[in-house]
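Before any comments, here is the structure.
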Amino acid sequence: METIHVDLAERSYPISIGAELFCNPAHFSSVIPAKKRVVVISNVTVAPLYAQQIIDTLNTFECQVSLLELDDGEQYKNLDTFNQILTFLLEENHSRDVTIVALGGGVVGDVVGFASACYQRGVDFIQVPTTLLSQVDSSVGGKTAINHPLGKNMVGAFYQPKAVIIDINCLKTLPEREFAAGMAEVIKYGIIIDSDFFDWLDENMEKLYALDHDALVYAISRCCQIKADVVAKDEKESGVRALLNLGHTFGHAIEAEMGYGNWLHGEAVSAGTVMAAVTAQKEGLISQQEVDRICALLKKAKLPLKAPKEMTVEAFMKHMMRDKKVLSGKLRLVLPTSIGSSEVVTGVSERVLADVIEQCKA
């Protein structure tokens, strides 16, 4: 097992990564006092697989546990689900000392985290991510949010969990399409910060898809360590943390325009990463050879390289100008400058963006 610490002074917390963690009371009792009231919030897909394991473990130190099951899908990461959680907590008369366990993928983690931030001005919560994407990205760093019809993650808060518990055995029940979507975020870390990790992924992709224990623990740990280091330097995304959004400006536009859930987040990020790399090449920031290597690794990970053919330049620009990185009306893009480095760039012309969009459509 690996343990990584997110260093945020009094709000620091551990990330535990390994197998069979749900059955080990130590991972929960270290952050949940005995006899505590706990609410496990999951979805209708994940709860039947893993909720009872966690409830049984919590019962070993006499916690009073209740379970809420949400609908499954990006389309439910909305105000209605947020309100459903708050109503459940109120109807059960939970006070500020309740602990909430977010058991599921990125949607569950985001909406449950946001509800935890808001309920009685903030209650403790633990992230228990069950998809590769949530294990390597969304569960770490305290970003919580719900979607708005006009934009993804537009309503939310920075609110850190008390712990992140990552059991790689969950990946055995994850559909391959969802696993591939998570690989988009894994590959992102290699592109923006760590060229050695990029090379390692290129050499070990088959092991990852075979769910090799050591390969998974290493890849997830490396991603979490990179993100923990970045978050410790820039929790509220005023600087270096923005680099973690490689591919997301284009990708969020795809998700919003095509309808949440039709493209998985990682699929949209993959296509968006290609668009960012092509933009960087047109701006003279990266070589065509490195763009080709990025595309080849995404393809090896069974990810889409092209944006939807039905999306117009106007549709892309409409959504991209609502991106949270826009400042003073100017679009800022995270662009790779080589494999292993990246920067935030302002001032890419609409003509270049239009060329990129047309070039990168299916």
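Any Cβ shown, glycine's included, is placed from N, Cα and C.
Keep in mind that this is a model prediction, so the values were computed, not measured.
Feature annotations, courtesy of Swiss-Prot:
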BINDING   72-77, 106-110, 130-131, LYS143, LYS152, 170-173  NAD(+) binding site
BINDING   GLU185, HIS248, HIS265  Zn(2+) binding site
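Annotated features taken from Swiss-Prot, shown on the structure.
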{"residue": "ASP72", "record": "NAD(+) binding site", "Cβ neighbours (10 Å)": "18"}
{"residue": "GLN75", "record": "NAD(+) binding site", "Cβ neighbours (10 Å)": "14"}
{"residue": "GLY106", "record": "NAD(+) binding site", "Cβ neighbours (10 Å)": "24"}
{"residue": "GLY109", "record": "NAD(+) binding site", "Cβ neighbours (10 Å)": "31"}
{"residue": "THR131", "record": "NAD(+) binding site", "Cβ neighbours (10 Å)": "28"}
{"residue": "CYS170", "record": "NAD(+) binding site", "Cβ neighbours (10 Å)": "24"}
{"residue": "THR173", "record": "NAD(+) binding site", "Cβ neighbours (10 Å)": "12"}
{"residue": "GLU185", "record": "Zn(2+) binding site", "Cβ neighbours (10 Å)": "27"}
{"residue": "HIS248", "record": "Zn(2+) binding site", "Cβ neighbours (10 Å)": "26"}
{"residue": "HIS265", "record": "Zn(2+) binding site", "Cβ neighbours (10 Å)": "28"}
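DSSP assigns GLY109 (NAD(+) binding site) to a helix.
Classification of ASP72 (NAD(+) binding site) by DSSP places it in coil, neither helical nor stranded. Note: the CA-CA distance between CYS170 (NAD(+) binding site) and HIS248 (Zn(2+) binding site) rounds to 26 Å.
Annotation note: GLU185 (Zn(2+) binding site) sits in a helical segment as assigned by DSSP. Taking the centre of the Cβ atoms of GLU185, HIS248, HIS265 as the Zn(2+) site, the nearby residues of that chain (Cβ within 8 Å, site residues left out) are LEU133, ASP137, ALA184, LYS188, GLY247, GLY251, GLY266, ALA268, VAL269. Here the candidates are the binding-site residues ASP72, GLN75, GLY106, GLY109, THR173, and by Cα distance the one nearest HIS265 (Zn(2+) binding site) turns out to be GLY106. THR173 (NAD(+) binding site) and HIS248 (Zn(2+) binding site) are 27 Å apart (CA-CA, integer value). DSSP gives HIS265 (Zn(2+) binding site) a helix state.
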